[in-house]
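Asks: The following feature annotations were taken from Swiss-Prot:
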type	residues	note
DISULFID	C44-C58	disulfide bond
DISULFID	C59-C72	disulfide bond
DISULFID	C62-C81	disulfide bond
DISULFID	C84-C99	disulfide bond
DISULFID	C102-C117	disulfide bond
DISULFID	C105-C125	disulfide bond
DISULFID	C127-C143	disulfide bond
DISULFID	C146-C158	disulfide bond
DISULFID	C149-C166	disulfide bond
DISULFID	C168-C179	disulfide bond
DISULFID	C182-C194	disulfide bond
DISULFID	C185-C190	disulfide bond
CARBOHYD	N54	N-linked glycosylation site
CARBOHYD	N86	N-linked glycosylation site
CARBOHYD	N145	N-linked glycosylation site
CARBOHYD	N151	N-linked glycosylation site
REGION	340-350	region 'N-SMase activation domain (NSD)'
REPEAT	126-166	repeat 'TNFR-Cys 3'
SIGNAL	1-29	signal peptide
TOPO_DOM	30-210	topological domain 'Extracellular'
TOPO_DOM	234-461	topological domain 'Cytoplasmic'
TRANSMEM	211-233	transmembrane segment
Amino acid sequence: MGLSTVPGLLLPLVLRALLVDVYPAGVHGLVLHPGDREKRESLCPQGKYSHPQNRSICCTKCHKGTYLHNDCLGPGLDTDCRECDNGTFTASENHLTQCLSCSKCRSEMSQVEISPCTVDRDTVCGCRKNQYRKYWSETLFQCLNCSLCPNGTVQLPCLEKQDTICNCHSGFFLRDKECVSCVNCKNADCKNLCPATSETRNDFQDTGTTVLLPLVIFFGLCLAFFLFVGLACRYQRWKPKLYSIICGKSTPVKEGEPEPLATAPSFGPITTFSPIPSFSPTTTFSPVPSFSPISSPTFTPCDWSNIKVTSPPKEIAPPPQGAGPILPMPPASTPVPTPLPKWGGSAHSAHSAPAQLADADPATLYAVVDGVPPTRWKEFVRRLGLSEHEIERLELQNGRCLREAQYSMLAEWRRRTSRREATLELLGSVLRDMDLLGCLEDIEEALRGPARLAPAPHLLR
(Lines of atoms letter the chains of each structure in order from A and count residues from 1; the text may use other names and numbers.)
(Lines give C-alpha, C1' and ligand atoms only; values in the text may rest on other atoms or scores of the structure.)
Protein backbone atom coordinates (compact mmCIF):
# COMPACT_ATOMS: atom_id res chain seq x y z
CA MET A 1 0.00 0.00 0.00
CA GLY A 2 2.36 2.85 -0.14
CA LEU A 3 6.05 3.13 0.51
CA SER A 4 7.45 1.19 3.31
CA THR A 5 8.90 3.33 5.98
CA VAL A 6 11.54 2.72 8.51
CA PRO A 7 10.43 3.58 12.00
CA GLY A 8 12.01 6.89 13.18
CA LEU A 9 13.10 7.95 9.65
CA LEU A 10 9.87 9.41 8.35
CA LEU A 11 9.84 12.52 10.50
CA PRO A 12 13.41 13.75 9.60
CA LEU A 13 12.71 13.24 5.90
CA VAL A 14 9.53 15.26 6.06
CA LEU A 15 11.27 18.09 7.87
CA ARG A 16 14.08 18.13 5.34
CA ALA A 17 11.65 18.30 2.44
CA LEU A 18 9.90 21.22 4.00
CA LEU A 19 13.14 23.09 4.67
CA VAL A 20 14.36 22.57 1.13
CA ASP A 21 11.25 24.15 -0.23
CA VAL A 22 11.22 27.07 2.16
CA TYR A 23 14.96 27.78 2.89
CA PRO A 24 17.01 26.10 0.18
CA ALA A 25 20.16 28.15 0.94
CA GLY A 26 20.01 27.39 4.61
CA VAL A 27 19.74 23.72 4.04
CA HIS A 28 22.64 23.84 1.66
CA GLY A 29 24.70 25.48 4.39
CA LEU A 30 23.96 22.65 6.73
CA VAL A 31 25.58 20.22 4.37
CA LEU A 32 29.41 20.43 4.23
CA HIS A 33 30.86 21.33 0.85
CA PRO A 34 33.48 18.88 -0.39
CA GLY A 35 36.05 21.69 -0.82
CA ASP A 36 35.46 22.95 2.73
CA ARG A 37 35.88 19.45 4.05
CA GLU A 38 39.20 19.22 2.23
CA LYS A 39 40.38 22.57 3.63
CA ARG A 40 39.40 21.57 7.12
CA GLU A 41 41.28 18.38 6.83
CA SER A 42 44.40 20.11 5.40
CA LEU A 43 44.77 22.89 8.03
CA CYS A 44 48.46 23.42 9.01
CA PRO A 45 49.86 24.51 12.38
CA GLN A 46 51.01 28.09 13.07
CA GLY A 47 54.14 29.08 11.17
CA LYS A 48 53.35 26.76 8.22
CA TYR A 49 51.15 26.88 5.16
CA SER A 50 49.54 24.26 2.90
CA HIS A 51 51.41 23.30 -0.23
CA PRO A 52 49.50 24.79 -3.20
CA GLN A 53 49.65 21.51 -5.14
CA ASN A 54 49.35 19.02 -2.31
CA ARG A 55 47.16 20.12 0.58
CA SER A 56 48.45 17.36 2.72
CA ILE A 57 51.93 18.88 2.85
CA CYS A 58 52.63 21.77 5.26
CA CYS A 59 55.62 23.96 4.32
CA THR A 60 57.42 26.37 6.67
CA LYS A 61 56.70 30.07 6.11
CA CYS A 62 59.52 32.51 5.22
CA HIS A 63 60.84 34.87 7.91
CA LYS A 64 60.30 38.63 7.74
CA GLY A 65 62.69 40.30 5.36
CA THR A 66 62.47 37.32 2.97
CA TYR A 67 59.97 36.04 0.39
CA LEU A 68 58.96 32.61 -1.05
CA HIS A 69 61.08 31.56 -4.00
CA ASN A 70 60.03 27.86 -4.16
CA ASP A 71 57.72 25.72 -2.05
CA CYS A 72 59.07 22.86 -0.04
CA LEU A 73 59.41 19.58 -1.99
CA GLY A 74 57.96 17.39 0.70
CA PRO A 75 57.14 16.99 4.36
CA GLY A 76 60.01 18.00 6.63
CA LEU A 77 61.90 19.77 3.85
CA ASP A 78 62.80 23.47 3.99
CA THR A 79 61.09 26.13 1.98
CA ASP A 80 63.26 28.06 -0.50
CA CYS A 81 63.18 31.67 0.80
CA ARG A 82 65.16 34.62 -0.59
CA GLU A 83 66.02 38.03 0.99
CA CYS A 84 64.19 41.12 -0.23
CA ASP A 85 65.94 43.54 -2.57
CA ASN A 86 66.61 47.23 -1.78
CA GLY A 87 63.45 49.27 -1.72
CA THR A 88 61.30 46.26 -0.75
CA PHE A 89 60.40 44.61 2.54
CA THR A 90 58.31 42.01 4.35
CA ALA A 91 57.39 42.87 7.93
CA SER A 92 56.21 39.41 9.13
CA GLU A 93 56.30 35.67 8.40
CA ASN A 94 54.90 35.06 4.95
CA HIS A 95 54.75 32.89 1.86
CA LEU A 96 54.57 35.81 -0.57
CA THR A 97 56.17 35.30 -3.93
CA GLN A 98 57.60 38.86 -3.91
CA CYS A 99 58.42 41.57 -1.36
CA LEU A 100 56.35 44.69 -0.82
CA SER A 101 57.54 48.10 -2.08
CA CYS A 102 58.70 50.64 0.53
CA SER A 103 56.49 53.64 1.23
CA LYS A 104 57.65 57.23 0.71
CA CYS A 105 56.92 60.18 3.00
CA ARG A 106 54.81 62.86 1.35
CA SER A 107 56.46 66.26 1.60
CA GLU A 108 53.32 68.04 0.38
CA MET A 109 51.71 66.86 3.60
CA SER A 110 54.70 68.19 5.62
CA GLN A 111 55.68 64.62 6.50
CA VAL A 112 59.25 63.83 7.49
CA GLU A 113 61.07 60.50 7.53
CA ILE A 114 61.45 59.16 11.03
CA SER A 115 63.32 55.95 10.05
CA PRO A 116 64.28 54.62 6.61
CA CYS A 117 62.94 51.49 4.97
CA THR A 118 64.74 48.18 5.66
CA VAL A 119 64.16 44.61 4.40
CA ASP A 120 62.01 43.79 7.42
CA ARG A 121 60.34 47.18 8.06
CA ASP A 122 58.58 49.80 5.99
CA THR A 123 59.50 53.50 6.02
CA VAL A 124 58.25 55.27 9.15
CA CYS A 125 56.89 58.76 8.46
CA GLY A 126 55.94 61.34 11.05
CA CYS A 127 55.80 65.04 11.89
CA ARG A 128 58.27 67.55 13.22
CA LYS A 129 58.40 68.77 16.80
CA ASN A 130 55.40 70.86 17.91
CA GLN A 131 53.25 69.33 15.14
CA TYR A 132 50.42 66.81 15.17
CA ARG A 133 48.87 64.42 12.61
CA LYS A 134 45.53 65.16 11.00
CA TYR A 135 44.31 61.99 9.26
CA TRP A 136 42.40 62.21 5.98
CA SER A 137 42.15 58.41 5.70
CA GLU A 138 43.42 55.33 7.52
CA THR A 139 47.00 55.85 6.36
CA LEU A 140 47.10 59.34 4.84
CA PHE A 141 47.80 62.13 7.31
CA GLN A 142 48.93 65.76 7.22
CA CYS A 143 51.27 67.47 9.69
CA LEU A 144 49.94 70.69 11.21
CA ASN A 145 51.46 73.06 13.77
CA CYS A 146 50.24 72.78 17.33
CA SER A 147 48.22 75.71 18.63
CA LEU A 148 50.07 78.02 21.04
CA CYS A 149 46.90 79.17 22.80
CA PRO A 150 47.37 82.95 22.50
CA ASN A 151 44.98 84.81 24.79
CA GLY A 152 44.40 81.57 26.69
CA THR A 153 45.95 78.73 28.66
CA VAL A 154 46.79 75.16 27.65
CA GLN A 155 44.23 72.72 28.97
CA LEU A 156 45.66 69.62 27.24
CA PRO A 157 49.07 69.67 25.55
CA CYS A 158 49.60 68.81 21.91
CA LEU A 159 49.81 65.05 21.21
CA GLU A 160 50.86 62.98 18.21
CA LYS A 161 47.33 62.75 16.79
CA GLN A 162 45.64 65.63 18.61
CA ASP A 163 46.07 69.40 18.63
CA THR A 164 46.42 71.48 21.78
CA ILE A 165 43.18 72.06 23.67
CA CYS A 166 43.02 75.69 24.83
CA ASN A 167 41.05 77.39 27.57
CA CYS A 168 40.46 81.02 26.56
CA HIS A 169 40.75 83.96 28.91
CA SER A 170 37.80 86.06 29.91
CA GLY A 171 36.67 88.22 27.00
CA PHE A 172 37.75 85.65 24.37
CA PHE A 173 36.04 82.70 22.72
CA LEU A 174 37.38 79.63 20.91
CA ARG A 175 37.05 79.66 17.11
CA ASP A 176 39.00 77.31 14.85
CA LYS A 177 41.22 76.34 17.78
CA GLU A 178 42.16 79.98 18.39
CA CYS A 179 41.09 82.36 21.13
CA VAL A 180 39.40 85.31 19.43
CA SER A 181 38.36 88.52 21.15
CA CYS A 182 34.67 88.81 21.95
CA VAL A 183 34.70 92.12 20.09
CA ASN A 184 34.64 90.04 16.89
CA CYS A 185 31.65 87.98 18.02
CA LYS A 186 29.03 88.11 15.24
CA ASN A 187 26.83 85.02 15.67
CA ALA A 188 24.78 83.34 18.36
CA ASP A 189 27.29 80.56 19.01
CA CYS A 190 29.99 82.87 20.30
CA LYS A 191 27.48 84.96 22.25
CA ASN A 192 26.96 81.96 24.51
CA LEU A 193 30.70 82.01 25.19
CA CYS A 194 30.84 85.81 25.38
CA PRO A 195 27.91 86.97 27.51
CA ALA A 196 29.77 90.19 28.21
CA THR A 197 28.28 93.42 26.92
CA SER A 198 30.12 96.35 25.47
CA GLU A 199 30.58 97.73 28.97
CA THR A 200 32.43 94.63 30.12
CA ARG A 201 34.58 94.76 26.99
CA ASN A 202 35.44 98.35 27.81
CA ASP A 203 36.23 97.27 31.38
CA PHE A 204 38.60 94.65 30.01
CA GLN A 205 40.36 97.23 27.85
CA ASP A 206 40.52 99.62 30.80
CA THR A 207 42.09 96.86 32.91
CA GLY A 208 44.86 96.42 30.36
CA THR A 209 45.46 100.16 30.28
CA THR A 210 45.52 100.31 34.08
CA VAL A 211 48.23 97.66 34.20
CA LEU A 212 50.41 98.94 31.35
CA LEU A 213 50.30 102.67 32.08
CA PRO A 214 52.03 102.52 35.51
CA LEU A 215 54.72 100.25 34.06
CA VAL A 216 55.42 102.67 31.22
CA ILE A 217 55.60 105.61 33.65
CA PHE A 218 57.90 103.69 36.02
CA PHE A 219 60.36 102.66 33.32
CA GLY A 220 60.30 106.18 31.89
CA LEU A 221 61.23 107.68 35.26
CA CYS A 222 64.01 105.13 35.72
CA LEU A 223 65.41 105.97 32.29
CA ALA A 224 65.28 109.70 33.00
CA PHE A 225 67.02 109.22 36.37
CA PHE A 226 69.90 107.20 34.93
CA LEU A 227 70.24 109.69 32.08
CA PHE A 228 70.43 112.55 34.59
CA VAL A 229 73.06 110.75 36.68
CA GLY A 230 75.10 109.98 33.58
CA LEU A 231 75.06 113.62 32.47
CA ALA A 232 75.94 114.82 35.98
CA CYS A 233 78.94 112.48 36.12
CA ARG A 234 79.96 113.32 32.55
CA TYR A 235 79.75 117.11 32.82
CA GLN A 236 81.09 117.69 36.32
CA ARG A 237 81.38 121.48 35.95
CA TRP A 238 77.60 121.87 36.00
CA LYS A 239 76.97 120.86 39.60
CA PRO A 240 80.15 120.14 41.56
CA LYS A 241 78.38 119.39 44.82
CA LEU A 242 75.74 117.24 43.10
CA TYR A 243 78.49 115.41 41.27
CA SER A 244 80.26 114.74 44.57
CA ILE A 245 77.08 113.39 46.20
CA ILE A 246 75.88 111.18 43.33
CA CYS A 247 79.17 109.93 41.93
CA GLY A 248 80.82 109.46 45.32
CA LYS A 249 83.99 111.36 44.51
CA SER A 250 85.18 114.92 44.48
CA THR A 251 84.98 117.17 41.49
CA PRO A 252 88.29 117.01 39.62
CA VAL A 253 90.04 120.37 39.35
CA LYS A 254 92.55 121.03 36.64
CA GLU A 255 95.86 121.87 38.16
CA GLY A 256 97.05 125.35 37.43
CA GLU A 257 93.53 126.66 36.67
CA PRO A 258 92.44 129.75 38.66
CA GLU A 259 89.90 128.86 41.31
CA PRO A 260 87.10 131.01 42.78
CA LEU A 261 87.60 132.67 46.11
CA ALA A 262 86.84 130.58 49.19
CA THR A 263 87.54 131.02 52.86
CA ALA A 264 90.68 129.21 53.89
CA PRO A 265 90.52 126.91 56.88
CA SER A 266 91.84 128.38 60.09
CA PHE A 267 95.03 127.06 61.59
CA GLY A 268 96.21 127.38 65.13
CA PRO A 269 98.82 129.95 66.11
CA ILE A 270 102.12 129.20 64.45
CA THR A 271 105.31 130.48 65.96
CA THR A 272 107.63 132.42 63.74
CA PHE A 273 110.36 130.39 62.10
CA SER A 274 113.40 131.69 60.27
CA PRO A 275 115.52 129.43 58.11
CA ILE A 276 118.51 131.66 58.98
CA PRO A 277 119.65 130.40 62.39
CA SER A 278 121.75 133.48 63.27
CA PHE A 279 119.14 136.14 62.40
CA SER A 280 116.71 137.44 64.99
CA PRO A 281 114.44 140.51 64.63
CA THR A 282 114.79 143.36 67.11
CA THR A 283 112.08 145.13 69.01
CA THR A 284 112.76 148.46 67.28
CA PHE A 285 109.78 149.93 65.36
CA SER A 286 109.79 149.19 61.67
CA PRO A 287 107.30 150.36 59.04
CA VAL A 288 107.39 146.91 57.53
CA PRO A 289 104.57 145.00 59.25
CA SER A 290 105.66 141.91 61.03
CA PHE A 291 103.76 138.61 60.86
CA SER A 292 101.45 137.74 63.72
CA PRO A 293 99.94 134.32 64.49
CA ILE A 294 96.72 133.47 62.67
CA SER A 295 93.76 133.23 65.00
CA SER A 296 90.78 133.37 62.64
CA PRO A 297 90.09 132.68 58.98
CA THR A 298 90.69 135.64 56.66
CA PHE A 299 90.51 136.26 52.95
CA THR A 300 93.43 134.62 51.21
CA PRO A 301 94.73 135.04 47.67
CA CYS A 302 93.60 132.38 45.21
CA ASP A 303 95.38 133.41 42.04
CA TRP A 304 99.00 133.15 43.19
CA SER A 305 99.44 129.56 41.98
CA ASN A 306 101.59 130.62 39.05
CA ILE A 307 103.50 133.40 40.84
CA LYS A 308 106.78 132.62 42.54
CA VAL A 309 108.11 134.49 45.53
CA THR A 310 111.00 136.61 44.37
CA SER A 311 113.80 138.07 46.35
CA PRO A 312 113.40 141.67 47.48
CA PRO A 313 115.03 144.34 45.33
CA LYS A 314 118.64 145.03 46.04
CA GLU A 315 118.05 148.80 46.22
CA ILE A 316 115.27 150.21 48.38
CA ALA A 317 113.98 153.74 47.99
CA PRO A 318 115.18 156.02 50.80
CA PRO A 319 112.60 156.77 53.43
CA PRO A 320 111.09 160.25 53.70
CA GLN A 321 112.89 162.86 55.66
CA GLY A 322 112.33 162.61 59.34
CA ALA A 323 111.47 158.94 59.21
CA GLY A 324 113.63 156.46 60.95
CA PRO A 325 115.44 153.65 59.17
CA ILE A 326 113.32 150.75 57.98
CA LEU A 327 115.46 148.19 59.79
CA PRO A 328 117.91 149.31 62.48
CA MET A 329 121.47 148.28 62.03
CA PRO A 330 122.43 145.47 64.31
CA PRO A 331 124.87 146.23 67.10
CA ALA A 332 128.52 145.58 66.57
CA SER A 333 128.30 142.60 68.82
CA THR A 334 125.48 141.03 66.74
CA PRO A 335 126.87 138.46 64.32
CA VAL A 336 126.24 138.93 60.61
CA PRO A 337 123.39 136.68 59.34
CA THR A 338 124.70 133.61 57.63
CA PRO A 339 123.20 132.46 54.33
CA LEU A 340 120.49 129.73 54.27
CA PRO A 341 122.10 126.30 54.04
CA LYS A 342 121.43 124.47 50.81
CA TRP A 343 118.92 121.56 50.92
CA GLY A 344 121.60 119.12 50.08
CA GLY A 345 122.41 115.69 51.24
CA SER A 346 126.00 116.45 52.30
CA ALA A 347 127.36 115.26 55.60
CA HIS A 348 127.62 118.85 56.81
CA SER A 349 123.94 119.48 56.16
CA ALA A 350 122.96 116.24 57.81
CA HIS A 351 124.81 117.09 61.01
CA SER A 352 123.85 120.77 61.11
CA ALA A 353 120.32 120.36 62.57
CA PRO A 354 118.10 120.63 59.44
CA ALA A 355 115.47 123.29 59.48
CA GLN A 356 112.30 121.80 60.86
CA LEU A 357 108.84 122.67 59.53
CA ALA A 358 106.96 121.80 62.70
CA ASP A 359 107.13 125.44 63.80
CA ALA A 360 107.38 126.96 60.32
CA ASP A 361 105.44 130.15 59.70
CA PRO A 362 102.93 130.43 56.84
CA ALA A 363 105.43 132.46 54.81
CA THR A 364 107.73 129.44 54.56
CA LEU A 365 104.86 127.17 53.54
CA TYR A 366 103.61 129.70 50.99
CA ALA A 367 107.12 129.92 49.57
CA VAL A 368 107.09 126.15 48.98
CA VAL A 369 103.54 126.31 47.55
CA ASP A 370 104.49 129.07 45.11
CA GLY A 371 107.75 127.39 44.18
CA VAL A 372 106.28 124.06 43.04
CA PRO A 373 104.51 124.16 39.63
CA PRO A 374 100.75 123.51 39.95
CA THR A 375 100.95 120.78 37.32
CA ARG A 376 103.40 118.85 39.53
CA TRP A 377 101.81 119.64 42.89
CA LYS A 378 99.82 116.42 43.33
CA GLU A 379 102.88 114.38 42.47
CA PHE A 380 104.83 116.41 45.03
CA VAL A 381 102.37 115.77 47.89
CA ARG A 382 101.98 112.12 46.91
CA ARG A 383 105.72 111.71 47.27
CA LEU A 384 105.44 113.34 50.69
CA GLY A 385 102.97 110.60 51.70
CA LEU A 386 99.49 112.11 51.36
CA SER A 387 96.81 109.71 50.13
CA GLU A 388 94.33 110.41 47.34
CA HIS A 389 91.53 110.57 49.89
CA GLU A 390 93.28 113.28 51.88
CA ILE A 391 94.08 115.26 48.72
CA GLU A 392 90.44 115.18 47.56
CA ARG A 393 89.16 116.02 51.06
CA LEU A 394 91.37 119.10 51.32
CA GLU A 395 90.35 120.21 47.82
CA LEU A 396 86.68 120.00 48.81
CA GLN A 397 87.26 121.85 52.08
CA ASN A 398 88.87 124.76 50.26
CA GLY A 399 86.24 124.97 47.58
CA ARG A 400 87.82 125.95 44.29
CA CYS A 401 90.76 127.90 45.76
CA LEU A 402 93.76 125.95 44.52
CA ARG A 403 96.45 127.85 46.41
CA GLU A 404 94.76 127.46 49.79
CA ALA A 405 94.14 123.79 49.07
CA GLN A 406 97.86 123.33 48.37
CA TYR A 407 98.71 125.20 51.57
CA SER A 408 96.34 122.93 53.53
CA MET A 409 97.97 119.83 52.02
CA LEU A 410 101.41 121.01 53.07
CA ALA A 411 100.13 121.89 56.55
CA GLU A 412 98.47 118.46 56.82
CA TRP A 413 101.76 116.78 55.90
CA ARG A 414 103.60 118.90 58.47
CA ARG A 415 101.00 118.03 61.14
CA ARG A 416 101.11 114.25 60.61
CA THR A 417 104.90 114.07 60.27
CA SER A 418 107.20 114.06 63.28
CA ARG A 419 109.27 117.16 64.05
CA ARG A 420 112.48 115.32 63.28
CA GLU A 421 111.32 114.30 59.78
CA ALA A 422 109.37 117.42 58.73
CA THR A 423 112.40 119.33 57.48
CA LEU A 424 113.25 121.56 54.55
CA GLU A 425 115.93 119.05 53.69
CA LEU A 426 113.23 116.42 53.07
CA LEU A 427 111.31 118.80 50.80
CA GLY A 428 114.47 119.56 48.88
CA SER A 429 115.19 115.86 48.46
CA VAL A 430 111.70 115.31 47.00
CA LEU A 431 112.13 118.23 44.60
CA ARG A 432 115.47 116.84 43.43
CA ASP A 433 113.84 113.44 42.82
CA MET A 434 111.24 115.23 40.69
CA ASP A 435 113.99 117.00 38.68
CA LEU A 436 112.78 120.41 39.90
CA LEU A 437 116.18 121.88 40.78
CA GLY A 438 115.17 125.27 39.37
CA CYS A 439 112.13 125.37 41.64
CA LEU A 440 114.34 124.40 44.57
CA GLU A 441 116.67 127.31 43.86
CA ASP A 442 113.70 129.72 43.62
CA ILE A 443 112.43 128.60 47.02
CA GLU A 444 115.89 128.97 48.56
CA GLU A 445 116.19 132.46 47.08
CA ALA A 446 112.77 133.43 48.45
CA LEU A 447 113.61 132.14 51.92
CA ARG A 448 116.90 134.11 52.01
CA GLY A 449 115.01 137.43 51.76
CA PRO A 450 114.77 139.60 54.91
CA ALA A 451 110.98 139.83 54.72
CA ARG A 452 109.33 136.38 54.29
CA LEU A 453 105.74 137.38 54.36
CA ALA A 454 102.91 135.91 52.30
CA PRO A 455 101.90 138.07 49.35
CA ALA A 456 99.15 140.56 49.88
CA PRO A 457 95.68 139.07 49.42
CA HIS A 458 94.19 139.50 45.98
CA LEU A 459 90.45 139.07 45.64
CA LEU A 460 89.07 137.71 42.40
CA ARG A 461 86.44 139.80 40.78
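From the backbone N, Cα and C atoms, a Cβ is placed for every residue, glycine too.
Not measured: the values here are computed from a predicted model.
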Asks: List, in sequence order, the same-chain residues at least six positions removed whose CB sits under 8 Å from that of C44 (disulfide bond)?
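Replies: Correct list: S50, C58.
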Asks: In the predicted model, what is the mean pLDDT computed over the topological domain 'Extracellular' (30-210)?
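Replies: Average per-residue pLDDT within the topological domain 'Extracellular' (30-210): 85.
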Asks: Taking C102 (disulfide bond) as the reference, which of C59, C125, C127, C143, C179, C182 (the disulfide-bonded residues) have a CA within 10 A of its CA?
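Replies: Those close enough: none at all.
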Asks: Please report the number of other Cβ atoms within 10 Å of the Cβ of C99 (disulfide bond).
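Replies: The answer is 21.
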Asks: What are the helix, strand and coil residue counts for the repeat 'TNFR-Cys 3' (126-166) according to DSSP?
Replies: 0 helix, 18 strand, 23 coil
Asks: About how far apart, in whole Å, are the alpha carbons (Cα) of C166 (disulfide bond) and C179 (disulfide bond)?
Replies: 8
Asks: Can you grab the distance from C84 (disulfide bond) over to N54 (N-linked glycosylation site)? Cα atoms, rounded to a whole Å.
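Replies: Given the Cα positions, C84 (disulfide bond) is 27 Å from N54 (N-linked glycosylation site).
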Asks: Closest to C194 (disulfide bond): which of the disulfide-bonded residues C59, C62, C105, C149, C158, going by Cα position?
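Replies: For C194 (disulfide bond), the closest Cα among C59, C62, C105, C149, C158 is found at C149.
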Asks: Under a three-state reading of DSSP, tell me whether C182 (disulfide bond) is helix, strand or coil.
Replies: helix
Asks: Show which residues of the chain containing C146 (disulfide bond), separated from it by at least 6 in sequence, have their CB under 8 Å from its CB.
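Replies: C146 (disulfide bond) has long-range Cβ partners N130, Q131, Y132, C158, D163, T164.
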Asks: Using a 10 Å radius around its CB, how many other CB atoms surround N145 (N-linked glycosylation site)?
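Replies: So the Cβ neighbour count for N145 (N-linked glycosylation site) comes to 14.
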